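Swiss-Prot annotations:
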DISULFID  Cys82-Cys92  disulfide bond
DISULFID  Cys105-Cys125  disulfide bond
CARBOHYD  Asn122  N-linked glycosylation site
SIGNAL    1-21  signal peptide
Amino acid sequence: MLWKSVLSVALIVLGIHDCSFKFLEIDKNEEEFAISVEHVVFHFNENQDDDFAYKFLRVRRSLRQKYTLKYLVDLEMGRTLCGKYDEDIDNCPLQEGPGERKVRCTYIVETEAWVTKFTILNSTCVQT
């Protein structure tokens, strides 16, 4: 009988552990997610050797880890004609022709938007 109790507790713990790390689809317009996207684009530009700024094009996936404010941000960005320190990059035209570049990035970001704190836990970008 004791082994059944131990097995039941183990299954409950494993079930809770498994559920707590799943990412679930969310509305890409959710406020904390949208702020996280802005931070990701800023972070990408700050850490690029390229003198040109990249701007947000579209969200491919918007996910949040269950019971947390950790977001998986999967987005596309395009290289603009503006420098990365210019104002109003959102309205800057994209480069065309030989200078045209687009990237797809996936970031995992922990967000505490109420204190303007963002922690990038993981990131991967590939040129498309």
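Glycine too: its Cβ is placed from the backbone N, Cα and C atoms.
Positions of the features from Swiss-Prot, shown on the structure.
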| residue | record | DSSP class |
| --- | --- | --- |
| Cys82 | disulfide bond | strand |
| Cys92 | disulfide bond | coil |
| Cys105 | disulfide bond | strand |
| Asn122 | N-linked glycosylation site | strand |
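A Cα-Cα distance of 20 Å separates Cys82 (disulfide bond) from Cys105 (disulfide bond). The CA atom of Asn122 (N-linked glycosylation site) is located 11 Å away from the CA atom of Cys105 (disulfide bond). Cys92 (disulfide bond) sits 22 Å from Cys125 (disulfide bond), counting Cα to Cα. Other Cβ atoms within 10 Å of the Cβ of Cys82 (disulfide bond), summed over all protein chains shown, number 20.
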